[in-house]
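Input: a single structure, listed below in structure tokens.
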Amino acid sequence: MNRVGAVFLFVYERNFFLSIVPDRHRTEIRMSSSERSEVKFDKHFNWWSLLGIAFSLSCSWVGISASMAVGIASGGPLLIIYGLIIAAFFSLMCGISLGDFAAILPNSSGGSFWVLKMLEQESVTLKTPEYEDPSDDDEEVFLENYCQTFNVEVSSKFQKVSSMVVGLLNYFGAIFTTASICSSLSMSCIGIHKLLHPDYELKHWHVFVGYECINAVLTLFNIYSTPLPYISQFGLYTSLLSFAMTFIICIVSRSDNTVDPWPKASNIFGSFDNQTGWNSSGMAFVVGLVNPIWAFVGIDSATHMIDEVGYSKSRFLVPKVIITTIIVGFVTSFIYCVGLFFCITDQTAVVESILPIVEIFYQATGNRNLSVFLQCMCITTGFVSGIASGTWQSRILQSFGKSYAPFYKEGSLGNKSLKKLAVLTPGFKSPLYAHFLSQICVTIIGCIFMGSSTAFNAIITACITLLLMSYAVPSFIFLFVIKKEKFIHRIESDVNCVSRPNRRRMSMIPHIICILWTLFCLVFLSFPYTLPVTAGNMNYTSVVYAVVFCIISIVVFPTCI
């Protein structure tokens, strides 16, 4: 028997042994062979395209400039500079914890699959095949079958519900991320118009119209999956080029200004400007952290591209991409912020501006047209970020549908709906149902919030905290619910029998920090951004949480009956 045949024999034997375990002890997830043989993704993502989609999505230097209004009002340049250091450190810890899981259990469902696998209680001991010299094909086939939901023994409602909740938290976090990108791009376009027409008065419906138009255009780019690796690489190169050009042009242009003196370093690194109304500068600093934290949103995107990378390669590529994205994001955003803050000649005008970054460009260059050009480069980069976010959210929903359709009664609405979301449309090789449903959700969010600045803050806070919760739950289960040493030994003994060993040690420290950071953000980012609190400036993030958990309850409840 050849090696590939032996791998399939292992999967068959596992299902046979599980089938003899009494039903009262387990609920096996089963999918028909026809469901498993449907259209699959092409494995056409490599290191550069995977890094491209991850970095294009977070795009820290653009994120920090697009949401600068909150940070500037909460503490000025000092908050953003030191906030970036804080956000980068904790994001790195979260990234390491994600990389730990992705290295041993590659699956496009990400955290939801890891939770499902960690809570698995094996009733029988299965012997895995051993090879003297396994080939790459053997390794890929084995991992693709081993790291699938239909090969996980589901023995409790807690296991089932926990994994689904994590998957849905991750998905809604991605949805709100796309919404925040559309909103920031709309504000960027309006900021250009304001610069060229100083008498312009901002209306909320202007932001709303721009939001919906941008969302409609972004929808078109994820219909075909074939160009996505090239778009991702284009986004990576465009982002780095735009960063370099805008930074250099601003610094050089500011150097030619002999009228206005350079700001003192003490004003940038040591002066805290609290305009929030909070009496406590510490509290003002904390609520303003939403700006630098948003610069590192979506660091898990690479974990959801496993099907388009390959299960074998992803064990090594995904952790490296996550860490590289965070490090490069911090370096570019930190340099960018420090440089541009030295270009400010009138901080009051920056604070009062519709879009502070455009005002900084104008103060640095003294030329409206050149400032518009620089902002257009940022918009182009942000547009690719929106495409990457659309890819990310559709992959989460597609993998969720594929993994959890069997949890529902065959023929039920939930079963049929998730099966539909899992389908890849032939010819497009893209999950169009998942993609269009996700874009509709983004459209609905825009209709609810109608372009208010308070709504934008709630959107970016929701995307931060929902994603962090989806990162923290697997870490919490790994540390405090299961016997972690036994789990690691079991996975390594299963996977490394055919796959090349991955010598990663899962340290407790990043997982503990990830949990604590999530709790911190969940509590403190829910406080009002400014005082006194009115209906217009209230932090509505808690309302978002309530709605999201109501929807999650409706989706998950039928699986518990």
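Here the Cβ of each residue, glycine as well, is placed from N, Cα and C on the backbone.
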### Message
Quick check on R490 and Q363: does Swiss-Prot annotate them with the same topological domain, i.e. the same side of the membrane?
### Response
no
### Interface present between the transmembrane segment (205-225) and the transmembrane segment (440-460) (three or more C-beta pairs under 8 A)
yes
## Note on the structure
Within the same chain, the residues 6 or more beyond the ends of the topological domain 'Extracellular' (252-281) and with Cβ under 8 Å of it are 73-79, 81, 287-288, 338, 341-345, 347, 351, 364-367, 370, 529-532
### Message
Same chain only, please: residues at least 6 beyond the ends of the topological domain 'Extracellular' (343-369) with a C-beta under 8 Å from a C-beta of the stretch. Say none if there are none.
### Response
65-66, 68-69, 72-73, 76-77, 187-188, 190-192, 194-196, 202, 246, 249-251, 253-254, 257, 260, 263, 273, 275, 375, 378
### Message
At a C-beta cut-off of under 8 Å, are there same-chain residues at least 6 beyond the transmembrane segment (462-482) that contact it? List them, or none.
### Response
94, 97-98, 101, 110-111, 114-115, 118-119, 162, 165-167, 169-170, 172-177, 179-180, 290, 293-294, 297-298, 300, 506, 508, 510-512, 514-515, 517-519, 521-522, 525, 541, 544-545, 548
### Message
How about long-range neighbours of the transmembrane segment (322-342): same chain, 6 or more residues beyond its ends, C-beta under 8 Å?
### Response
51, 54-55, 58-61, 63-65, 77, 80-81, 84-85, 88, 91-92, 95-96, 98-99, 102, 240, 243, 246-247, 250-251, 254, 262-263, 268, 292, 295-296, 299-300, 302-303, 357, 360, 364
